[in-house]
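These come from TrEMBL:
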- B:5-127: domain 'RNase III' (DOMAIN)
- B:40, B:113, B:116: Mg(2+) binding site (BINDING)
- B:44: active site (ACT_SITE)
- B:116: active site (ACT_SITE)
- B:154-224: domain 'DRBM' (DOMAIN)
């Protein structure tokens, strides 16, 4: 038996004016021609925008490549399925008999699609700001984990602090080569601590990034010693 | 010499409170470290959402696959570059010397990215509704062309009308095979007019779609006669 949708509404903190929208969002295509596929298309787009907007505002130092990677990690199917499981969303799904028998309630892709469709249903029912609020609430834990990770120190700082704590000399960074056209340059930088007889090379689109890459490899080398 | 950005603002129908945002949106990465790459990331997401929302509302009969294809066609680089050329956006770009010399002003990818960045600049300056208004205005012509195309009659109707106008017998459609699992079936249907000694086969995820596909191929065959 499906659980009543009202309970799910309480979990996501949104009361639908038109509960039929929520029902459609929870209806897999196996259950009929009025299903959540169109809503999923819309929900995916809203979600992509709200998360992009959040990351843009909260990660002012991240370049567009980092922003894209952060977003991809947040909105990928696995993340959405996890959010669905936290909501016990499987209990509210409307599935056809085939999917019911083959365990569709717990299938990641079905759960992820339903989360996107539910987001679209909130948008159509309550507007953009309500959809935004629900999305940020659903992603609260993931966004907070991300924020903690991003506050971790960068590899160069960590390497420096590690060597200082061991009373070792600090590493020296040297540019080995710079290749490529003006705005698509690739820097190769070495990171050396002669006393330890250790040396790594890092690459990146800027000197700073190449140094961080070299420091990161240096840290891994020390860890393996 | 670059043209003053105020003229571009008049073309897109939006007056910036913070003209610096518009300047950043028009600055290619070749011109410096404060450039439009982060804005492009954000603009792409807003654009994807606004167009998805428009298509969802205006094409209630389109399934999610059709909606995705329609959107992809609208927001692809070529379309954005065309919109940029209509705005003469190249004249307002801020490029590095290398890009200036190699004709960056008219390069499609640079123009497309600047349109997305400009959309993000409007969003950050004036909010979601202003960005939405500007996007729908920039895409007005493309959306109207799309609407006319979608009002064209479907292949089965066109084939029937064509044959009637030629006093020929009407085609008969027969299901040849149905394969695949319950909700991922593939229909193969034949379309025949014996008197013309012509026969085509179409496939699709429903009987209706397979028939339309077969009719479409039939029309092409007649055209080639």
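Each position is counted from 1, following the chain as shown.
Keep in mind that glycine also has a Cβ here, set from the backbone N, Cα and C atoms.
Between the CA atoms of residue B:44 (active site) and residue B:116 (Mg(2+) binding site) there is a gap of 6 Å. In sequence order, the binding-site residues near chain A, meaning those of B:40, B:113, B:116 whose CB lies under 8 Å from a CB of that chain, are B:40.
Here the domain 'RNase III' (B:5-127) has a mean pLDDT of 94 out of 100. Fewest Cβ neighbours within 10 Å among the binding-site residues B:40, B:113, B:116: that distinction goes to B:40. Within 8 Å of the centroid defined by the CB atoms of B:40, B:113, B:116, the record's Mg(2+) site, lie the Cβ atoms of B:36, B:37, B:39, B:41, B:43, B:44, B:80, B:112, B:114, B:115, B:117, B:120, excluding the listed residues themselves.
Within 10 Å of the C-beta of residue B:44 (active site) there are 24 other C-beta atoms, taking all protein chains into account.
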